[in-house]
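Engineer: Following this message is one structure expressed as structure tokens.
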Amino acid sequence: MLLHLALIYLWACCTALDLGQTKHIYRKGESVDLLLNKIESDHTQLPYRYHDLPFVCHDKSKKAKAPSLGEVLKGDRFWESNYQLRFGEDVPCARLCDMSATTNAMSWADSLIRKGYVVHWVLDGLPGATTFQSTSSNSKYYASGFPLGFVQNGVSYYYNHVVLVVRYHTESNGQYSIVGFEVYPKSVSDETCPGSSKDYKNFAINLKDEAGKPKEGRTIIPYTYAVYWREDISVSHENRWDLYYENDNSTTSRNIHWISLVNSIVLVCLVSLIVAIVLVRFLKTDLKNGPVIPTTDLKVDSDQNSWKGLSDSAVQGPIAALLLTSLCAAGVQTLVAMIGVVVIFVLNSKLSLSSGATSNAFFENHQSSVFSFSIFFILASGYASSYTGVILHKLLGNYHPNTTFSFATVCKLGALFAGLLPFTALAASLIINFFVWAKESSNALPFGTIVSLILMFALIQIPLGVAGGFHGNKFKFSNKSCFINSYVPPEKGDKKQSSKKQQFLGPVINTLAFGLIPFGIVYVDLLFIFNSVWLEKTTFYYMYGFLLLTTVLLLIVVAESSIVATYITLTVFKNPNWQWLCFQSGSSIGWYIYGYTTYYFIRYLQMSDIVSVLIYFAYMALVSAAIGIAGGAVGVITATIFIRKIYGAIKMD
């Protein structure tokens, strides 16, 4: 019953996702809504709602448009505009308003222009775009948004006139669909529309008078606009997002990804060769020719025996087993959610490695849908995390693999394993949200969204986690399974004698050694994702096919590295404490990513305000930690299977 209710809530959330796939058909003369969104800059992480700016036109009759959950998390805040657009009807010149702005408002406008803020409007689901011409292919491409103004000779000029070019496609039924939305801003000193003329004076923001003193009084800003409708037979509704994904470096980016993929495959083959040598040449020989396992009646010093002599100790649980299991469960949840999102986008592109929008199958709004699907898969993966966590807790917690926990224990474990990741992420986000809210940024989560997230956590995540825990508790290993054959009761284990054994490597060396190859595999994708998220907000990341292949290669390397680390720590150092070592080796990729975060901040970003710096490092700490524990979970699970396999095999012998 609990699972059914959770699934109903999850399905309700899924159906509520706005993925931007609905095709709107227009008729000549039909009213078309232009939505005001926000302004944002590549130099700060504090966007602002356009309607709240004190120097733009306001119409009290217009209302806010409710965004989807993904749009809210992305920072989108839509508001109806008083731009009058009717399909197919050109408007060479129209007055919007004459805005009387205070000195403080003009000072803020000057500051925003100097910080490189870009305006985002939306029409029929398409962002208003600035048009560019590719120097390599001589083709047109779009960059989402248009600048708020420009700076010339130390003076800021404000764009108060816009030319809106709406491109449409004629459908088979004689009606029309919108396939392009271009914005050409201009700075005009008076209410006259410049048209195609270049002989006009720009609207300068003068904060001081001729005497050099602060200017007093209000400034009148004349707002005008023009609208032109143009048919475009080369673009259809299905591929109208293509121009947003293409840019001057698209071909180079694809070539870089292909080269990186080949290099990653070579690295994986190298690590696989090492693992094959360990498993086939050494381990297989040891299993056939090595000494027998010591019994409880014959205690042999572990330093004088091979790895077989550690059989009783190696299968015992580690220190802080529940903590390790909880981290692994959170890692499984991260892994399932991450792969789920990437797979959805790969399927949406019809298995294309690097297509933009041409072959979209299900949805077209890649921006907010990333957040929407992330929330959905984090909620849904709570079942997998608790299911895996309960089974792993039996194996690492010195329980018999087929132990059946009590009802109360399963409820506690299921809630813990499913709730650790989302609770930590939500708590950290709410703390960050306080600072963003203090800056009055549109990125601040509304109270209603916070309540919705908490309710989803309580009504979906926890019940799914408990249900997954119950099913994991019911799972039973076969009596012939290596997990049963290798089981040793806790009282027979000799963990204390080996607890102070020398470790494979020190913690720092472990991290540097085991994280280097995984980081080399993901480096290129990290660079492009960082550029899209933090540096070039007007661009879109769309190479999900490459990202999926990179993720698979990363998991293979992490799993194989954990096998190598486990084998060396058992055979060379005679140390059975492999569990935390494998988690450390697998999670080392997270430390590399956070180190790259610091490098990227110093090398590329130009953030000046402390809140933006806090947002950047706090969210990247969450992402790095999530990826790190996902790698750690892969390492521990792989090593657990490896340990049980080898010791189960020699016990059967």
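Just so it is clear, glycine is given a Cβ too, placed from its N, Cα and C backbone atoms.
Pulled the feature table from TrEMBL, pasting it below:
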SIGNAL    1-16  signal peptide
TRANSMEM  258-280  transmembrane segment
TRANSMEM  319-347  transmembrane segment
TRANSMEM  370-392  transmembrane segment
TRANSMEM  413-438  transmembrane segment
TRANSMEM  444-470  transmembrane segment
TRANSMEM  504-530  transmembrane segment
TRANSMEM  542-568  transmembrane segment
TRANSMEM  580-602  transmembrane segment
TRANSMEM  614-643  transmembrane segment
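Tell me what's around each of these sites.
Structural biologist: Same-chain residues lying 6 or more positions outside the transmembrane segment (258-280) and placing a CB less than 8 Å from one of its CB atoms are 517, 520-521, 523-525, 546, 549-550, 553, 556-557, 560-561, 563-564, 567.
Here the transmembrane segment (319-347) has Cβ contacts under 8 Å with residues 361-362, 366, 370, 373-374, 377-378, 380-382, 384-386, 388-389, 392-393, 396-398, 416-418, 420-421, 424, 499, 544-545, 547-548, 551, 555, 579-580, 583, 626-627, 629-634, 636-637 of the same chain, all six or more residues outside its ends.
With a cut-off of 8 Å between Cβ atoms, the residues of this chain six or more beyond the transmembrane segment (413-438) that come close are 46, 325-327, 329-330, 333-334, 378-379, 382-383, 385-386, 388-390, 393, 405, 444-445, 450, 453-454, 457, 461-462, 464-470, 611, 614-615, 618-619, 622, 626.
Within the chain carrying the transmembrane segment (542-568), a Cβ under 8 angstroms from the stretch's Cβ atoms is held by residues 245, 253-254, 257, 260-261, 264-265, 267-268, 271-272, 274-275, 278-279, 282-283, 307, 335, 338-339, 342-343, 345-346, 349, 351-357, 366, 504, 510, 514, 517-518, 521-522, 525, 528-529, 578, 581-582, 585-586, 589, 631, 634-636, 638-639, 642-643, all 6 or more beyond its ends.
Sequence-distant contacts of the transmembrane segment (614-643) (same chain, six or more residues past either end, CB-CB distance under 8 Å): 45, 314-315, 324, 327-332, 334-335, 338, 388, 392, 395-396, 421, 424-425, 428, 432, 435-436, 443, 486, 518, 534, 554-555, 558-563, 565-567, 578-579, 582-591, 593-594, 597, 601, 605, 607.
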Engineer: Are there residues at least six beyond either end of the transmembrane segment (580-602) with Cβ under 8 Å to its Cβ atoms? List them, or say none.
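Structural biologist: Long-range Cβ neighbours of the transmembrane segment (580-602): 318-319, 324, 327-328, 503-504, 507, 510-516, 518-519, 522-523, 526, 530, 534, 554, 558, 561-562, 565-566, 569, 613, 616-617, 620-621, 623-629, 631-636, 638-639.
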